[in-house]
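For reference, the structure is listed below as structure tokens.
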């Protein structure tokens, strides 16, 4: 779905966009005024999904007279993932444009990196599966947990099985349509950072391999590369902010949940530890690759500073050092 315009993207980006499409994050490849009926339907469903969870969370907050730390953490993480999904849907066409542009500039594919990204995409599926299975097993094995959760969110029903099915549906709904897009976007962000680093490395290799350097050409190439990075930053930084914030709060409240309750069922332990460990890993992965981009840009500036000019090119050499 929505992948008919992805032929110019690398295979890795196509896999990521398939994951976005499965969670109904629409408009990946730009907005057009005349949409096909099935795309219009998916667009309506996408916005309905976003609005429905936001309404549910707000309603639960209004119904509860007292909120414990566990509920506060759950509601905050839900709202942050709702905001991230809304921002992602509003700006999703930019992701396709960035992917196409980087795909045309980076000719060589890094197969080991691609395999690691595919492994990350598969780990997101495992992450969701563990949480869904743990929640299902908990309610099927312990009727007391059903009654406890009913009291927690003030939703009473004469049929405990109906409540268990409803609570399980909400968990699957939140994981699949809200948590999974956050993780998928993180993988997209890592892929973009990897491609930018590849461009910087290619430029640095060209810089150091030339015996007679054309400083005017190097200045133009560096300005183009710098403008490209600034444009990409402007396109996706808002989505990056909300994804990072959702991961940070998920990690914080996951650790808080581990420390707050000593005696937990094994299903809850599996779910909470999965949240804490995987979200911590994803957050630090974002920070690591963002730092690598900065380090790669700094290494280009360092190489430019170490270049030696001659009498004929001293002015351009000085200008190049000031540019880099």
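Cβ coordinates come from backbone N, Cα and C, glycine included.
Not measured: the values here are computed from a predicted model.
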Matching range for TrEMBL feature annotation, transmembrane segment, among 215-233, 272-290: 272-290
Segment assigned the feature transmembrane segment in TrEMBL (from 117-141, 292-316): 117-141
Proximity verdict for the transmembrane segment (117-141) and the transmembrane segment (161-180), three or more C-beta pairs under 8 Å: yes
Chain residues outside the transmembrane segment (12-29) and at least six past its termini with a C-beta under 8 angstroms from it: 1-3, 5-6, 39, 42-43, 45-46, 49, 85, 88-89, 92-93, 95-97, 99, 103, 109, 114, 117-118, 121, 124, 176-177, 180-181, 184, 187-188, 191
Range from 41-59, 239-260, 272-290 with most C-beta pairs under 8 A to the transmembrane segment (71-97): 239-260
